[in-house]
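Here the structure comes first, spelled out in structure tokens, and everything after it is commentary.
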Amino acid sequence: MTLPIDFPHITRAHLLSLLRAAPKAELHIHIEGSLEPELIFELARRNGIVLPYANVEALRAAYAFTDLQSFLDVYYAGASVLITEADFDAMAWAYFERAARDNVVHCEIFFDPQTHTARGIDMGVVIRGLDRAAKRAEAELGLSVRLILCFLRHLSEDDALATLEAALPYRDKFIGVGLDSSERGHPPEKFERVFARAREQGLHLVAHAGEEGPPAYIWSALDTLRVERIDHGVRCVEDPELVARLARERVPLTVCPLSNVKLCVFDDLGKHNLPALLAAGLRVTINSDDPAYFGGYLNDNFVQLFESLPQLTAHDAYTMLRNSFEGSFVDDEDKALWVEELDSVFAAGEP
Ligand SMILES: Nc1ncnc2[nH]cnc12
Ligand SMILES: [Zn+2]
């Protein structure tokens, strides 16, 4: 199907409902960041864990972040209630059900094993629990799911290497590795050897870079770690040569608008630099990052972004949705099927 570039048949009023109804892929979601306060309290009760918050409301009230680190402190405390395989299964299943309601048809979920193994939880418990929910989501929701193991960059490379070795018995259950946690002061090159080892294993490679950290971190994620996607990457605009390279090499950027506002990367959505990223020809995708903490799931990110930035067009919406499939780590045939579905939704113009 050949689609008109401007979609003149799609009115502004239709665009938001079209965004909600369109098939989409989510490529940047930390599964521990999908833990809602209600589930945190339920798991704490089940596992006899006392939280430093009196109730759900008190916990939610703590979600006032000033930067990435202030969020991570609360996020790691929330993840401490996860003990059994059933807990990891319950967390992931809740996200999959919620994502399916946003018409997510494919997701690549990050998980942070070191957050759990450091508390004495076995690697197998984490991966088997997530895998069980993923298989159920594929069977019952028709959702395509892949797992990506992330290394915590505030820890040492030796810890990351040991983590990768501990995960290799489950190699068939995850498709790639990523790099997350506190960005400033922990440049990608700190993890050169562990990414090389992951590459030897045929794993896909991604890394958070240019969220709070400088453009130099994006360069080194590309050149030293040899990643295929950049998570966030919004600070690339400070370096025109870097922007030119990202555009030339069609490197996907997994941008997370509500996260960027909650973590004070931008003052509000109306000031987000996403229009500039698109204008530079970058392969931008929209994602939720940590939806339970940042006030919205994937459709909330799309809708609030388009409400706040009236210059974004139906063509921009189509481009970013298409990028989500093309930037994913699935077979070309699967990508083509989803793009065809997307095309028919946009050709019709009404959900
Ligand atoms: N936005 C983010 N940046 C870095 N590490 C994270 N871990 C969970 N969310 C993150
Ligand atoms: Zn992230």
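Placed from the backbone N, Cα and C atoms, the Cβ positions cover glycine too.
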### Task
Figure out which of Asp122, Asp131, Asp289, Asp300 sits with His28, His30, His208 in the Zn(2+) site per TrEMBL.
Asp289
### Task
Note the Cβ centroid of His28, His30, His208, Asp289, the recorded Zn(2+) site, then list each other residue of that chain whose Cβ lies within 8 Å of it, in sequence.
Ile29, Gly33, Phe110, Asp180, Asp231, His232, Thr254, Cys256, Ser259, Asn287, Asp290
### Task
From the recorded positions listed here (His232, Asp289, Asp290), select those whose CB sits under 6 A from an atom of ligand 2.
Asp289
### Task
Quick one: pull the CA-CA distance for His232 (site 'Important for catalytic activity') versus His208 (Zn(2+) binding site), whole Å only.
6
### Listed binding-site residues (Asp289, Asp290), ranked by Cβ neighbours within 10 Å, top entry
Asp289
### Task
Would you report the average pLDDT that the model assigns to the domain 'Adenosine deaminase' (23-343)?
98
